[in-house]
Amino acid sequence: MHLQKLDAIRGLAACYVVVYHIITPIQAVPPLIKDVFFSFGQEAVILFFLLSGFVIAYSVYKKQNITFKDYFIKRFRRIYFPFIISIILSILIFAVQNNLSKEFKLNEFLGNLFMLQDFGSVKPGTWFHPFLKNYPLWSLSYEWWFYMLFFPCYKLLPKQPVRIYFILGLSALALINYMIIPNQVALWLSYFIIWWSGVEAASIWMSQKKYTWKNMTPIIFSLFFMTALITIPVLNTEKLQFGYYPFVCLRHFATATIAVSIGLLWYKNKLKYFDNLFGVFTLIAPISYGIYIFHYPILEQLNLQPIIPNIFINYIIKLLLILGLSYWVEIKLQPLVNKWIK
């Protein structure tokens, strides 16, 4: 297993989310094309969760003596620095377009700073909306609290293969709690099993250097169990909507189950044609986080139409802005922040 292949998936997921947000508002694109190929932006986020769990476990495995302080600092500067830049970006865009006073909400701003935001319009029981409607920020709160949960769980729980069942129990109880009393904490905990599946996949690789149906069964079973569990409210809902609870949660857990299963099948077939299909996306991976959190304000909220009426040129300029800002923040500035915050 080469981490480059995981980078390719990360780059692919980031590009898909951007294309998804480009295609969705374009009326000239037939609805059938949108529905079949460009309706799965949230599924791409689930791939981010799986990959994130893998990468965190991989990095900690190489530094067994890492303290929580060191771990916290690394996670804090990695997630918060680009996140703060995205906050500033949104404020600037809204201020220049004279919409800031109308849209700015102090409680929403503080809720996002403390990583308490979620995509509240599609799930009940959430606390704060993403800041200034930068909707991709919903997933950052999940990532942050997964980071915080990881360290004690990794250090205190029994090792493989039984460890994942403790996380499964936690997530299953949280999901049941959410079905009864929708609340934000239960949402984070219920999704933790998806992220933790990446942790277990990394642990399997580092300890056994190969994947088999046997050593991957606990992961696939756990994800399938959660998929089956969320099916209960789906079956008891009279009017299902593709992008709303409970069906959106079914999509998430089913995506994780299918992605891991397909990944294992492909691995058993020596990842044939993987590099030919997706290898190019490794170039995007180093700036994928920046692309993910910067693209929406620039694509959807920055109005260049009055000065650049040509929609094609409009999108080209916006894409260049996204890539340029992502490169500047992640490649040029992030290393400086890493040296400053230790």
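Every residue, even glycine, has its Cβ placed from backbone N, Cα and C.
Looking at the domain 'Acyltransferase 3' (5-328) alone, the prediction's average pLDDT is 96. Annotated domain 'Acyltransferase 3' per TrEMBL: 5-328, in sequence order.
The transmembrane segment annotation in TrEMBL covers 12-30 (among others).
Residues or ranges marked as transmembrane segment in TrEMBL: 36-58 (among others).
What TrEMBL records for 79-97 (among others) is transmembrane segment. Listed by sequence, the residues of this chain that lie at least six past the ends of the transmembrane segment (79-97) yet keep a Cβ under 8 A from its Cβ atoms are 103-104, 109, 112-113, 131-132, 134, 137, 140, 143-144, 147, 289-290, 293-294, 297-298, 301-303, 325, 329-330, 333-334, 337.
Beyond the transmembrane segment (137-157), the same-chain residues lying 6 or more positions past its ends with a Cβ under 8 Å from any Cβ of the stretch are 45, 48-49, 52-53, 56-57, 60, 68, 71-72, 75, 79, 83, 86, 112, 115-119, 130-131, 163, 166-167, 188, 191-192, 195-196, 199, 293. The transmembrane segment annotation in TrEMBL covers 137-157 (among others).
Residues annotated as transmembrane segment in TrEMBL: 164-181 (among others). Within the chain, the transmembrane segment (164-181) has long-range Cβ neighbours (under 8 A, six or more residues past its boundaries) at 125, 153, 157-158, 187-193, 196-197, 200, 218-219, 222, 225-226, 229-230, 232-233, 246.
Same-chain residues lying 6+ beyond the ends of the transmembrane segment (187-206) with a Cβ under 8 Å from its Cβ atoms: 1, 46, 49-58, 61, 118, 123, 125-126, 141-143, 145-146, 149-150, 153-154, 159-160, 163-164, 167-168, 170-175, 178, 215-216, 218-219, 222-223, 226, 249, 252-253, 256, 260. Marked as transmembrane segment by TrEMBL: 187-206 (among others).
When Cβ-Cβ distances below 8 Å are used as the criterion, the transmembrane segment (218-236) is approached by residues 161, 164-165, 167-168, 171-172, 175-176, 179, 190, 193-194, 197, 200-201, 245-247, 249-250, 253-254, 256-257, 260-261, 264 of the same chain, each at least six residues removed from its ends. According to TrEMBL, the feature transmembrane segment maps to 218-236 (among others).
The transmembrane segment annotation in TrEMBL covers 242-265 (among others).
Through the fold, the transmembrane segment (277-295) approaches residues 4-5, 7-15, 17-18, 21, 48, 82-83, 85-86, 89, 134, 136-137, 140, 322-323, 325-327, 329-331 of its own chain, all at least 6 residues removed from its boundaries and within a Cβ separation under 8 Å. Feature annotation from TrEMBL assigns transmembrane segment to 277-295 (among others).
Note on the transmembrane segment (307-329): residues 18, 22, 81-82, 85, 89, 287, 289-291, 294-295, 298-299 of its chain, located 6 or more positions outside it, place their CB under 8 angstroms from a CB of the stretch. Residues annotated as transmembrane segment in TrEMBL: 307-329 (among others).
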